[in-house]
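**Q** Provided herewith is a single structure, encoded as structure tokens, for subsequent inquiry.
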């Protein structure tokens, strides 16, 4: 009975064990049963042992739901087990258990073909690479490497594709292809529908044109050295409408995925825009120069243009008249000034007699072709310039005016006739100025030039070495900019024997507009891709050169001319 009173103090047990315990206790407490079955005595004698085993203080009952799926592996638990990992569908390649690489690899973006992949057709289904024929994955298999695309326009575009790419076991590289576009069956992309990935685009069977330029594609990817998964390569393509597609090789570059940075149609070069804009902004009085600019067939081949000042740079003339040269170099002032005056007389003789300086003095031009647009091309072989009634005292070269006789259309045509005749005379006698002079004046000119060459210590001869060296180069040209009026400057060039060095279209007068504006006109003619070198002695050309970021070579003495020639010989200039 004492044992029955102690039962409530025992700990709680499982249902089956409680029943077995109660039966054992009832058998022990029943004397009748113990008398009939001797085995019960042995059970009673062993009761303390069973109480010692069954007594457990830390045993907690559990329900069947408390056991994990590890104990019941035969039963699938969708909420516990992870999603089966997709495996590669390509034969002959290693099976990977995870979608993440165990070892990080750096990404090296490159625009060329990556790691030996053939440039055409290697990424398309059915093409045979080195590893064998690429099989199109079936719907029951999952491809490790897939390409996802996003449509950026509602219209059918040939630039949106999804296709399988051969996996790489080492590096994850950005893939760029310019191969011929082909239609990919929808089954090649439908295999990814069972995977837990974002939405994929299924291709239709639209027909596209055979080929498009590679500049319309952009590749997106990581650009840092962090670890990158090789299981998914996302490629985005940006394209224009096929009707306006045009190649743009000069603008090709890798896109970062932003459509605004993708290459588009090829655009005009800045230098051409600058040339066109500068020509449109020119005033009407400079219309004629376009014809002269178009006559030069070698302008596009030029690499360097040398802009020369005339007086005190190539020739010594003004300092002869003022006597400053005689004072600087210790020469006889009377002889020096006399030689200068004689040369000045011959210059104006040629200008007045043969180059219409009396008519053109008041309507001077910057360039000989500035009024060529007003020339109607009339034959001038029998034309009388002395009786055509032209007077240049009031015209001042103003264009576009039709009021009265001076400055009108007829007046402008007669002015253009004279400048056309000046050009013809210059071209005819640029290598033989003696044809414009009488025999006596021709001999006088020869003596005068020899005398000036002695007085100036062969200044002109030293400068000619550099001029001839530049002229011998096919990609270089000499251009003359002088502050003398155009017609006297042409006469001066002829009399000093420089006609073959400077064609008339390469001579500019800065009397009206200044040297800086002359430089602008020359730059608009030859373009900004050409290198310009300014050679002179004055502050005006130095300032103009600095304004246009042109190198300036100062000439102040004979040594500067010698150094210039040495620099040219060594190809420094």
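Even glycines carry a Cβ here, placed using N, Cα and C.
Predicted, not measured: the structure shown is a model, and the values here were computed from it.
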**Q** What does Swiss-Prot list, out of 537, 560, 571, as binding the same Mg(2+) as 309, 311?
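**A** For the Mg(2+) site that includes 309, 311, Swiss-Prot also lists 537.
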**Q** Please find, within the list 1-46, 47-92, the residue stretch that Swiss-Prot describes as region 'Disordered'.
**A** 1-46
**Q** For residue 537 (Mg(2+) binding site), which of the recorded positions 311, 438, 472 has the nearest Cα in space?
**A** 311
**Q** Sequence gap of 6 or more, Cβ distance under 8 Å: name the residues on the same chain that satisfy this around residue 311 (active site, proton donor), in order along the sequence.
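**A** Result: 317, 318, 482, 483, 484.
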**Q** In this structure, which of the binding-site residues 309, 537 has the fewest other Cβ atoms within 10 Å of its Cβ?
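**A** If we count Cβ atoms within 10 Å for the binding-site residues 309, 537, the smallest count is at 537.
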**Q** List the residues in the vicinity of the Mg(2+) site, defined as same-chain residues other than 309, 311, 537 with C-beta within 8 angstroms of the site's C-beta centre.
**A** 310, 312, 313, 314, 482, 536, 538, 541, 555
